[in-house]
Amino acid sequence: MSSIIGITILGTIICLLDLANAHSNSSSCKDALPITSTKFQEPHDSLERANNTEVTTDFKSWNFRPAGHERHHRRLRVIHGVVNIFGWGVLLPIGVIIARYYKRLPMKCEEWYSLHVRSEVAGFILGTVGWGLGISIRNSAEEQSTMSTHGIFGTIIFTFTTIQVLHICLQPDEENVYRKYWVIYHNFFGYALIILTIVNIFQGIEKEEPSNRWKWSYAVLVGVMGLTALVLELLPCFSMIKNKLSVSGIE
């Protein structure tokens, strides 16, 4: 079980690093191109037109910020995306899959709770780092504006993932009368956060210029995790049908 999760995480890291390297290279090529704009104005007088040509420059179109700063800003955005995709977008769903399907037959694993907590805490830490980078990028932007929908969703995700992680330490005992309400709350917000996180990641990818490669790569990751969850959800049904057929054959 641990080896399968390790291979999945390693493959995800390699995929995300490859995307980050490709994005960084494309951004560097764009930064190498100078951006200038000139505007020619000619006097209406025919005599002055023959002798003089006035050249004026549109300084508003010039970018006085150094190219190195722009490259650094883009790298921070790439790191923000990679960390959040891997933390909130991969590790958190894997933790949910472990908690739902590996504590019962036919995929029962004695270490499911430990794996679930490790996956969720690791995803929370990485996602918090990515969220902090996103806040820093917004604050360092040249034009300060109200927080975007992507930023608002990110803050909501950070808030409720923090509460979910704290509830690991605050969960009631098995014999506690409020245990069932805690389980309902924990499960409901866990599934809601996964959906909101996936939506917000796709929304963040849309902000990047070469977004198609990132979008399809993360869509494949989501598809693999969704297909895995579907297969694990149907396994008990297949086992039940198989057992019924076996009993009918014996009779």
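Using the three backbone atoms N, Cα and C, a Cβ is placed for every residue, glycine included.
Straight from TrEMBL, the features:
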type: SIGNAL; residues: 1-22; note: signal peptide
type: DOMAIN; residues: 43-241; note: domain 'Cytochrome b561'
type: TRANSMEM; residues: 78-101; note: transmembrane segment
type: BINDING; residues: His80, His116, His150, His186; note: heme b binding site
type: TRANSMEM; residues: 121-139; note: transmembrane segment
type: TRANSMEM; residues: 151-170; note: transmembrane segment
type: TRANSMEM; residues: 182-204; note: transmembrane segment
type: TRANSMEM; residues: 216-235; note: transmembrane segment
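Projection of TrEMBL feature records onto the structure.
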| residue | record | CB count, 10 Å |
| --- | --- | --- |
| His80 | heme b binding site | 21 |
| His116 | heme b binding site | 21 |
| His150 | heme b binding site | 19 |
| His186 | heme b binding site | 16 |
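Among the recorded stretches 78-101, 121-139, 151-170, the one sharing the largest number of Cβ pairs closer than 8 Å with the transmembrane segment (216-235) is 78-101.
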